[in-house]
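Enquirer: Submitted below is the structure of interest, expressed as structure tokens.
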Amino acid sequence: MSAAEVTAVPEGRGGRMNRAQIVNAALALGLLGFGLVAWAMGETFLVTLATKVAILAIAGAGLNLVLGFGGLVSFGHAAYFGLGGYSAGILAHHALNYTPMFEWPFLFEGTTSMPVIWITAMVIGALAAALIGALSLRTTGVYFIMITLAFGQMIFYFAISWPAYGGEDGLPIYVRNGFPGLNTLDPVQFFGLTCAVLFAVLGLIAMLAHSRFGLALQAARQNRQRLMAVGIRPGGVLLVAFVISGAITALAGALYADLNRFVSPSMLSWHLSGELLVFLILGGTGRLFAPLAGAGLYITLEHLLGGVSDHWQFFFGLLLLGVVLFARGGVIGFLAGGKRHG
Amino acid sequence: MSMILLIEQLLNGLQSGLMLFLMAAGLTLVFGVMGLINLAHGSLYMVGAFACAGVAAATGSFWLGLAASIAAAAAAGAIVEVAVIRRLYRRDHLDQVLATFALILIFSEGTRWLYGSFPLYLNVPEALSGSVTLPGGIRYSLFRLAIIGAGLAVAVGLFLLIGKTRIGVQVRAGEADREMIAALGVDIRRLYTLVFALGAALAGMAGALVGTIQSVQVGMGEPVLILAFVVIVIGGIGSIKGALIGALLVGLTDTMGRVLLPSVFELFMETSAATSVGAALASMAIYILMALVLIVKPGGLFGARA
Amino acid sequence: MADPILDIRGLSKSFGALKATDDVSLDLRPGEIHALIGPNGAGKSTLIKQISGEIAPDAGEVVLRGRSLAGIDAAGRARMGMARSFQVSSVAPEFTVLQNVVLAAQGASGATFRFFRPVMRDAGLLQTARDCIAQAGLSGREAVPAAELAHGERRKLEIAMALALKPALFLLDEPMAGMGTEGATALGDLLDALRHRAPILLVEHDMDAVFRLSDRVSVLVYGRVIATGTPDEIRTDREVQRVYLGEEA
């Protein structure tokens, strides 16, 4: 969804879908359909793969809010993803080992309830994003990229050197956490839950993009000077977007930890930050469904190329280089036409 | 903690700071002159290390290996500049980040393909093996001392190159105004390739020297790249002087933090807890340093702009 | 005489050894167009930026409707009705004309942190925006992305955005720059009408326009105001002729 699309849509009277909306619907149905068909055919592994796509798409959607709409190139979003993962891992660790997490001011024994874990993950992600964002947003451009990368790395090294929760070896979650009314151990039920979260997040971002806040956020990407001149401080708008973004990406991290039943510092690694950026450019920067299209394409390529060569990343690197240099609209730009921004 | 250990660690900090400077100098030059953020700089560091390991193993001479590391990294830099980087100067930072991220994937996976995943080890050259006794009775590795010397020599050379030579004038003019320098009749494409290759050569040399102390393996350039970013943020983008000061600060903070923080915490904690808290905090020390600099001077210590 | 809307008192700003603004005092009264002229490098843009709050002066103060603006940033001043246009047109290029003006109306409303209702269905903001677009003479162009506007239209869009800020005054930095004679005349007529909405501090190189439109003119040379007066007084001022008009006379 390009900027003009995002804000122009509500002016219309609805009814006919435009091409981008058709592509978006096809992407959503494609993910659901793939997961359900795989389940019907008993291909549990493929259901898990589709779940992974949905989770990475949520993480990418968080990044898309600041990058696609706000124009901030954050190269440290693995930090929030990993913090979300560790929130899930640590809460479950205490609950499963019967070791209270803290006893003061009240006894807290950890939890294996997904809703509680999700809220915790989002709060932690939001707090970290508020701190990192407040410092990083003092700068712009290439400084911002380097600083977000550096702070992400700081949390990565902290996780490695802090021995209490597994350090370098990571932390297992012996039993996938539960959600009221669902059997999360059943792959298709967990897949459905994940898709529900994904579509809720995409809906939230669409709503934000259309709101007063979204208008200011998209203006901050295009022209900060002009935003100041109409009486709106870009710093506050961008920081709020950064905090929401951190919370969303942390939520994805909590889900990812439950998918793998394992958390490790690799969730915090800068490669992951890079991959999240890659999803967005593969999908088509600034479009609402870019993270889903990009994550889907990435996982598909990993699966297909990875089957052919151990060195699939070599070929993926060449492909990515080609996309950046010659095909800047990404998948959705290719399918839906129209120009992208940024 | 003994005085001798402290001085030894100071020297280690100085050594790692100077190697960081070799990395950061190239990055900051490329950003200052061409306005490009290059993530693949760490790959050039790795290319240098592998070239050194390969040639040293084949010829038995570390010195030939070192020369090869500089030549190979410069050549790789020039090729990459002409084939890819050149197309990115006019692009936004996001495209630069993604394209150079793609280059990392290509370099890392390509190297793994050729050499496998196992680390290679380099032998310290005969003439520089063993240790020397410094004034005060401190025994210190001769090779590390030589690296400090080499780092200082390159730093001086670089300042002379930028400050006193024709190329330096062109580089400084290029930072100020691209149109003007083109109007002066300088072949700007060649200048850019040259600057990029120079930065690559410095990275390759650092890779070979550090690879000799540690090990040579795929992915070795990435932690160094990120440290070099921290250095540049602290020192100010585009400033060679900032890169030097920032690199020394980061090298010393990192090394001294790892040694000192656990013993500081031992003063009021039991030993095992102090070790883990100290180690965890030490791993964050340079980033805390970076945050402090950002709060006081968002443009870096010697930066012209934020 | 009515109290001035804008009162600039002893404003000074140096960059190193260069005195860009040197003890400048001037005021802007209700209903007038006060032009600020001077050769290139006289410090006009630096002065405008100090008034708008983009850079802080070393000394002196800017007073809006009797209230000192010290410590208030550009966004705060914009919300107090300081409506600014830029030397190089500055709009959100991917937004349509309507979106740009709605953004300005939203800024004036002071309520940006609203996350739920679609802004482009906000009847109040849309009404304000459409009115301002009509007053700036851009009716019918609402749905065009700003990047696709002609140069003169983009100037009008900036005016529409300024109007949406419920302006106490306009700070217009070379609005005629780069326009043909016809466009400049049309824009001049628009400014002539605007002065009754709010007074205009006009930085302009187009001398025909300045002398046709202005009630008063101040001449800035090397950061100092060397003369202030009616267009006729300025035309006949010896010093102005010598240092400024002299190059053409």
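Placed from the backbone N, Cα and C atoms, the Cβ positions cover glycine too.
Here's the feature list from TrEMBL:
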TRANSMEM  B:20-37  transmembrane segment
TRANSMEM  B:44-64  transmembrane segment
TRANSMEM  B:70-89  transmembrane segment
TRANSMEM  B:101-122  transmembrane segment
TRANSMEM  B:142-162  transmembrane segment
TRANSMEM  B:191-213  transmembrane segment
TRANSMEM  B:225-252  transmembrane segment
TRANSMEM  B:273-296  transmembrane segment
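How buried are these features, and what lies next to them?
Expert: Within its own chain, the transmembrane segment (B:20-37) is flanked in space by residues 44-45, 85, 88-89, 93, 96-97, 100, 151, 154-155, 158, 171, 174-175, 191-192, 195-196, 198-200, 202-203, 205-206, 224-225, 227-229, 231-232, 235, 237-240, 242-244, 246-248, 250-251, which lie at least six positions past its ends and keep a Cβ under 8 Å from the stretch.
Outside the transmembrane segment (B:44-64) by six or more residues, the chain places 23, 26, 70-73, 76-77, 107-108, 111, 115, 120-125, 199-200, 203-208, 210-212, 216, 218-221, 224-225 with a CB less than 8 A from a CB of the stretch.
Sequence-distant contacts of the transmembrane segment (B:70-89) (same chain, six or more residues past either end, CB-CB distance under 8 Å): 34-36, 38, 40, 44-45, 47-48, 51, 95-96, 99-100, 103, 189, 192-193, 196-201, 203-205, 207-208.
Long-range Cβ contacts of the transmembrane segment (B:101-122) within its own chain (Cβ-Cβ under 8 Å, at least 6 residues beyond either end) map to 39-40, 42-43, 46-47, 50, 52-53, 56-57, 62, 65, 80, 84, 208, 211-212, 215-219, 222.
Below 8 angstroms of C-beta separation, residues 11-12, 14-15, 18-19, 21-22, 25, 124-125, 128-132, 168, 171-172, 202, 205, 209, 212-213, 240-241, 244 of the same chain, each at least six residues beyond the ends of the transmembrane segment (B:142-162), sit close to that stretch.
Taking Cβ pairs closer than 8 Å, the transmembrane segment (B:191-213) reaches residues 19-20, 22-23, 25-27, 29-30, 33-34, 41-42, 44-49, 51-53, 62, 65-66, 69-78, 80-82, 85-86, 89, 122-124, 143-144, 147, 150, 154, 158, 167, 170-171, 174, 181, 220-221, 224 in its own chain, all 6 or more past its ends.
Long-range contacts of the transmembrane segment (B:225-252) within its own chain (CB-CB distance under 8 A, at least 6 residues past either end) are made by residues 10, 13-21, 23-25, 27-29, 31-32, 39, 41-42, 45, 155, 158-159, 162, 175, 286-287, 289-290, 293-294, 299-305.
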